[in-house]
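Colleague: Let me begin by handing over the structure; questions about it come next.
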Amino acid sequence: AGEECDCGSPANPCCDAATCKLRPGAQCADGLCCDQCRFIKKGKICRRARGDNPDDRCTGQSADCPRNRFH
């Protein structure tokens, strides 16, 4: 418990593999809405929708790509 990121790889520049905590200044370590240890800005498409549904977009507050309510 208490892990902030996946400490499997010491090569991840966002995550301290020894402590499983984000490195100083990092907001995230991975995820569809994480780029270079930072949350991707709100509104960026993170998952293209199928059919007539709207695309899923980053919130700017999380590394996760939220599913829109039509999925």
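Quick reminder: no glycine exception, Cβ is built from N, Cα and C everywhere.
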Colleague: Disulfide-wise, see what Swiss-Prot says Cys14 is paired with, picking from Cys37, Cys46, Cys58.
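Modeller: Answer per the record: Cys37.
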Colleague: According to Swiss-Prot, which residue among Cys20, Cys34 is joined to Cys28 by a disulfide bond?
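Modeller: It is Cys34, per the disulfide annotation in Swiss-Prot.
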Colleague: In Swiss-Prot's disulfide listing, Cys65 is paired with one of Cys20, Cys46. Which one?
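Modeller: Among Cys20, Cys46, the record in Swiss-Prot lists Cys46 as the disulfide partner of Cys65.
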Colleague: Can you tell which of Cys15, Cys20, Cys58 Swiss-Prot lists as bonded to Cys33 through a disulfide?
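Modeller: Answer per Swiss-Prot: Cys58.
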Colleague: What is the nearest of the disulfide-bonded residues Cys7, Cys14, Cys20 to Cys33 (disulfide bond), using the Cα of each?
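Modeller: Smallest Cα separation from Cys33 (disulfide bond) among Cys7, Cys14, Cys20: Cys14.
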Colleague: Within the same chain, where does the region 'Disordered' (50-71) have neighbours whose Cβ lies under 8 angstroms from its own Cβ atoms, ignoring anything closer than 6 residues to its ends? I mean 6 or more beyond.
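Modeller: Long-range Cβ neighbours of the region 'Disordered' (50-71): 27-34, 39-44.
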